[in-house]
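**Student:** Quick paste from TrEMBL:
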ACT_SITE  Y344  active site, O-(5'-phospho-DNA)-tyrosine intermediate
COMPBIAS  680-690  compositional bias 'Basic and acidic residues'
COMPBIAS  691-713  compositional bias 'Basic residues'
DOMAIN    49-166  domain 'Toprim'
DOMAIN    182-620  domain 'Topo IA-type catalytic'
REGION    215-220  region 'Interaction with DNA'
REGION    680-713  region 'Disordered'
SITE      H84  site 'Interaction with DNA'
SITE      R192  site 'Interaction with DNA'
SITE      D196  site 'Interaction with DNA'
SITE      R346  site 'Interaction with DNA'
SITE      R550  site 'Interaction with DNA'
Amino acid sequence: MNDNTIAKEDLIDALHTVFTNISDDEVNDVVNKLTNEGVKFVSNAKKPKILVLVESPTKVAKIKGFLEEGHPEDEFEVLASVGHITKIANRGKNNLGIDTETMTPIFINDRSKTKQINAIKKAGKKADLIILASDPDREGEAIAWHLKNLFDGENKNIKRMTFDEITKEAVLDAFDHLREIDMDLVNAAISRQMLDKIIGFLVSGVLQKATGLLSAGRVQTPALKLVVDRDREIKAFEEIKYKRIKVIDESKNIHLDLNKDDEGLLINKPDTYYLVPPKDEEVLDALTEDYNCVDYKGTEFETRSFKPYSTAGLLQDGFTKLRLSAAQVTMSAQKLYEEGLITYIRTDSQRYSDDFIHEAKNYIAKNYKEELFAYPLKPKGKQANTQDAHESIRPTHISDAPWLVDHKLENDLQKRVYNLIWWNTLKSLMHGPSGVNHRWTFDNNGYEFKQSWQEVKNLGYQELSIDKSDENIELDDNDEIVVKNNETAPQLAQDKGFVIKIDPSKIVEEDAKTSPPNMYNQASLIRELKKLGIGRPSTYNPILSKLQDRSYVKYHKGKPIQVERFGYIADDYLYKEFPEEFNLDYTAEMEETLDKIAEGKMEYKPWLKNIYDNLSVKVVEEKEKAVEESDEICPKCHEGHLVFIRSYFNRGRGCSNFPITGCSYREYEQSDGSWKEYVIPEKTDEDDKPKKKTIKKRKTTTKKKKPATKKAK
């Protein structure tokens, strides 16, 4: 230090030592006076070095900035692991990488992450505190645990930090509430990895040997089952042509539909009977001009179509409303989360925090009108098959309207996905259209007819998309929208016990036919998986991707899923030989068990041991059967049998005597299902000649020297 600098901490200590009763205000006065006289204060206190580890490199700068701004007294370094740094090894029995006696996984560092691992270890040696800030889910907890293990034996102070949104408030709040790693969540994540590998590796080996196809999976195979079964149901469907009988009087807005026959049986509904000739003629002959109203009900309604987004809900709407694949929605939403624009994207929850609801209520009152606000719909009870660890997917701030953050978004996909999330969130916090549902029941000679009419009294969130200059819109004295129902209201008393007369000429008979069930698309398949409790938020997108990668199905933008030939073969074999292992209910039970492990209610090793022991016995039997059932003789050596061999492109077969007798016969399946021998091209003299090495010259550029500039004195 020079003569006019003082260590601030030393001065404060000295003042408190000499003047024992000095107040903090008096100390500050002394410091301020010395500062005014030209004394410079420096700190001799060493800033604590804090290493923060996140998953994604795109989060690094933002999180570092928040922490430095909130805690200038600390020195922060933020590094990214780029996801998992370890994986279960492919070694040991069946290449499982698992000690099958103790059900202990053998983890090895991922070679592709060597650079990240070395950088993290190096930074960790200098850190006074290491904070593990991987994603706030089971996988993130497991990543945090593996990162912590990098510092085993170094006696480091290591804590866990989680946040659901990348905002300054959320990050600083998380920093103030550091915790230990939750080993129950870690065990659940590790259990899932082991379970997927046990089922995937063991059954895939049999599938390859028996059919030449690539893989089976704990969740992938049941998902394929749903698609294949629906496809077969559609192909087996036989349509029924039937008649609809209606009574239509346009002058009075009356539209009566025949609902029940004279014996009280429902007509033209699934699981009932369809009105086909000559039964329709009997009905027409029996009808008179008198329709007696035997019942009337007026029921208040409110339509709340928008619910807080879970992962499944976002992926479904992304497909149905934007025509985007699950992969496109996931990728765009992940970027939006990393930019701090939306909350964490892997969640089963359909709830908002109280703080966000309060913020949204004020926003709606200020920008629209207070009466539109409504608390979000709550799921009935705690929904089954739900991990409610986080909020639903929403904008971090409702005030960040799409037109205000447009410049922050990289591409059109991100803009469309953010627009979808923002509007869904806003409307989920508003009243929907409401009014009265009117329903009349009429009797005509024993036949029941129904008339319904929906009277809308308040538009709710529909007001946001209405043009007030539209000639069909009516405004009151306060420029508020008034819903006009007069044009559609049937001229019927809102009561029962009256008779209306309608001329028989108003009776209309329409041709109709039954329709097959709809083929699954990406949205409806995710909806069905969620309903059945199969898969979780982090697995929906990978499931869909694997089915196409394995050539089991094909996706076309915005269209139903198409089952490929390999999909039928895989489904037929797997559900013939492993019906219990891939049973839909059993798969859902596995997910429930993983939930129990995450909650600390169940030990995972005995459960996995039981699954492995039962499956491994069956796999051995199936492998032997797969070879025994091959009765085709090798056309080359005429001794071995043709067995399926591993192939990433088409199914392949080879001689079972390879490499014992040296018979190397191979053939591959053609697109039409026929088989063609694979002939290894013979070497020519040209092949034996040494190849000339060509060296490409790298273009070099030289920077022009800038003219020297004089420094200002």
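Each position is counted from 1, following the chain as shown.
Just so you know, glycine gets a Cβ as well, placed from its N, Cα and C.
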**Student:** Helix, strand, coil residue numbers for the domain 'Toprim' (49-166) per DSSP?
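**Tutor:** Split by secondary structure, the domain 'Toprim' (49-166) comes out as 45 helix, 29 strand, 44 coil.
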**Student:** Which residues, sitting 6 or more apart from R550 (site 'Interaction with DNA') on the same chain, put a CB under 8 Å from its CB?
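**Tutor:** Residues satisfying the criterion: L213, L214, S215, Q220, F566, A570.
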**Student:** Rounded to a whole angstrom, what is the C-alpha distance between Y344 (active site, O-(5'-phospho-DNA)-tyrosine intermediate) and R192 (site 'Interaction with DNA')?
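**Tutor:** Between the Cα atoms of Y344 (active site, O-(5'-phospho-DNA)-tyrosine intermediate) and R192 (site 'Interaction with DNA'), the distance comes to 21 Å.
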**Student:** Measure from the CA atom of H84 (site 'Interaction with DNA') to the CA atom of D196 (site 'Interaction with DNA') and give the result in Å, rounded to a whole number.
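**Tutor:** Their Cα atoms are separated by 16 Å.
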**Student:** What kind of secondary structure is Y344 (active site, O-(5'-phospho-DNA)-tyrosine intermediate) part of, going by DSSP in three states?
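**Tutor:** DSSP assigns Y344 (active site, O-(5'-phospho-DNA)-tyrosine intermediate) to coil.
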**Student:** Counting by DSSP secondary structure, give me helix, strand and coil numbers for the region 'Interaction with DNA' (215-220).
**Tutor:** 1 helix, 0 strand, 5 coil
**Student:** R192 (site 'Interaction with DNA') has how many other Cβ neighbours within 10 Å of its own Cβ?
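**Tutor:** Around R192 (site 'Interaction with DNA'), other Cβ atoms within 10 Å: 24.
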**Student:** C-alpha of R192 (site 'Interaction with DNA') to C-alpha of R346 (site 'Interaction with DNA'): distance in Å?
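**Tutor:** So the alpha carbons of R192 (site 'Interaction with DNA') and R346 (site 'Interaction with DNA') sit roughly 16 Å from each other.
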**Student:** Across all the protein chains here, work out how many other Cβ atoms are within 10 Å of the Cβ of D196 (site 'Interaction with DNA').
**Tutor:** 16
**Student:** Comparing the recorded sites H84, R346, which residue's C-beta has the most other C-beta atoms within 10 angstroms in this structure?
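**Tutor:** Buried the deepest by this measure is R346.
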**Student:** Including all protein chains shown, what's the count of other C-beta atoms within 10 A of the C-beta of Y344 (active site, O-(5'-phospho-DNA)-tyrosine intermediate)?
**Tutor:** 25
**Student:** In whole Å, how far does the CA atom of H84 (site 'Interaction with DNA') lie from that of R346 (site 'Interaction with DNA')?
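**Tutor:** Per the Cα atoms, H84 (site 'Interaction with DNA') and R346 (site 'Interaction with DNA') stand 16 Å apart.
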**Student:** Where does R550 (site 'Interaction with DNA') sit in the DSSP three-state scheme?
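**Tutor:** DSSP assigns R550 (site 'Interaction with DNA') to coil.
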**Student:** Per DSSP, to which secondary structure element type does D196 (site 'Interaction with DNA') belong, with helix, strand and coil as the options?
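**Tutor:** SS state of D196 (site 'Interaction with DNA') = helix.
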**Student:** I'd like to know the mean pLDDT over the domain 'Topo IA-type catalytic' (182-620).
**Tutor:** 91
